[in-house]
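As written in TrEMBL, here are the features:
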- 19-28, ASN110, 137-138, ARG214, ASP252, ASN363: substrate binding site (BINDING)
- GLU174: active site (ACT_SITE)
- HIS250: active site (ACT_SITE)
- CYS369: active site, nucleophile (ACT_SITE)
Amino acid sequence: MKHFEVNFDGLVGPTHNYAGLSFGNVASLNNANAISSPRQAAKQGLAKAKALADMGMVQGVLAPQERPDINTLRRLGFTGSDARVLESAAKQSRQVFLACCSASSMWTANAATVSPSADTSDGRVHFTPANLTNKFHRSLEPQVTGRILQGTFANDKYFAHHTHLPDNEHFGDEGAANHTRLCTEYGQAGVELFVYGRHAFDSSKPAPTRYPARQTLEASQAIARLHGLEDESVVYIQQNPDVIDQGVFHNDVIAVGNQNVLFYHEQAFYKKDEALAEIRQKFGEKPLHFVEVPTDQISVMDAIKTYLFNTQIITLPGNEMAIIAPTECQENEAVSRYLEELVTKDTPIKQVKYFDVKQSMRNGGGPACLRLRVALTDTELDAVNPNTLINDNQFARLNTWVDKHYRDELREDDLRDPQLLSESRAALDELTQILNIGSVYPFQQD
Ligand code: SUG
């Protein structure tokens, strides 16, 4: 049996904009009110996805969400025609309005936590959409995310879909951004690492003081239970509260794993030595590489600025690993030097490739944020909705679709334009046909 790790990249939605919505995410706050380019953003994402497909990787896409989110605005008391809802929300409650316009579902690392069939008690691939409770704009995502995942992984013989955790800060869950799986081969049982920012029910435990910890231990434990993971193959690690306070709002901003490699910053974890020892013990005797980046070589600040750890480490056909980095890493002297040296060292990582995803980076989303990893056997891959997988034909269709529907530039004032709402709905209606995922959007169900 063959197995693969498939990356499902989030298609950037037509309302991609910079609204400064994510307190604790430095890039999001620094770029608030900048002019965005939804078209460029969508094309940068598609180009990265296509490049990975061209490297021989199996690559998929996940549909974006319907925005502006008129239904939520109506739930919050705005009435009248859609145009009126937009107008009055923008005027009366700017922050709420902006939250309802965000294209943040593009960061599919936050779409869900996924456990491959090799790890789960019933031998199916398990998905739990993240509730994203810490940010209002992101808390609007899980329901439709669940539908999109079901439209993409539509066979319940192989795929188990759970409802997102209770929408409450106690169970704050940010999905795969705080989850990494280590294994020897993707199809063999692995060790799942759940990294959390705080304990929800024990305030005596350390926690960040300046910026929020978005993920709780209790949420991570609930996911492990739902997915039927065995205690011996799960490690819970607390993120270092100090780095959260410096702007590391998800673990994937400071650590990334692939197969038997864990690449992380010296300051990533609280009680690091204990955590690494537990991983080592649960992983067993097989070769395992801890690639630790010391602070005196790369500061936490540089890691956040360049997203050195928000890189994708992928295993290419032929088994060499490559690191997929944003061009910000190339532009930083210390970081590019580090990466050049890394590929010559005694680790499986042998190549580095840079991608321009600046439209996403300005909101704090690097290459790894843009993708959800799903490890699959060949039989499971055959059960995935084939229209969601990237090949030359689907890539061309999606690029043409972006050209047809997306604006070149978007400013805050454009978001209240009823025309943008119609354009977005027309785009998404067509997309559900291109991807054949069914009527997942509220406007298609009314
Ligand atoms: O949740 N930014 C996203 C970035 C998510 C990155 N994902 C991972 N690290 N996996 C967030 O903070 C900013 C939107 C705005 O400000 O307009 C935003 O939502």
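Using the three backbone atoms N, Cα and C, a Cβ is placed for every residue, glycine included.
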Report summary line: Smallest number of other CB atoms within 10 Å: among the recorded positions ARG138, HIS250, that is ARG138
Query raised in the report: Which residues in the same chain, at least 6 apart in sequence, have a Cβ under 8 Å from the Cβ of ALA27 (substrate binding site)?
Result: MET361, ARG362, ASN363, GLY364
Query - Candidates PHE23, ASN25, ASN110, ASP252, CYS369 (recorded positions) - the one closest to GLU174 (active site) by CA - result: ASN110
**Report entry** Listed recorded positions adjacent to ligand 1, that is, members of LEU21, ALA27, ASN110, HIS250, ASP252 whose C-beta is under 6 A away
**Finding:** LEU21, ASN110, HIS250, ASP252
Query raised in the report: Whole-number Å distance between the CA of PHE23 (substrate binding site) and the CA of HIS250 (active site)?
Result: 12
Query raised in the report: About how far apart, in whole Å, are the alpha carbons (Cα) of HIS250 (active site) and ALA19 (substrate binding site)?
Result: 19
Report summary line: The rounded CA-CA distance in Å from ARG138 (substrate binding site) to CYS369 (active site, nucleophile) is 14
Report summary line: Long-range Cβ list for ALA19 (substrate binding site), cut-off under 8 Å, min separation 6+ in sequence, same chain only, gives ALA32, ASN33, LEU98, ALA99, CYS101, SER102, HIS137, GLU412
**Report entry** Under 8 Å by Cβ from ASN25 (substrate binding site), counting only residues of that chain that are 6 or more apart
**Finding:** GLY247, PHE249, ASN363, GLY364
**Report entry** Cβ neighbours within the same chain of the residue listed as 'active site, nucleophile' - under 8 Å, at least six residues apart
**Finding:** TRP107, THR108, ALA109, ASN110, ALA177, HIS250, ASP252, ASN310, SER360
Report task. Using all protein chains in view, find how many other C-beta atoms are within 10 Å of the C-beta of PHE23 (substrate binding site). Result -> 14
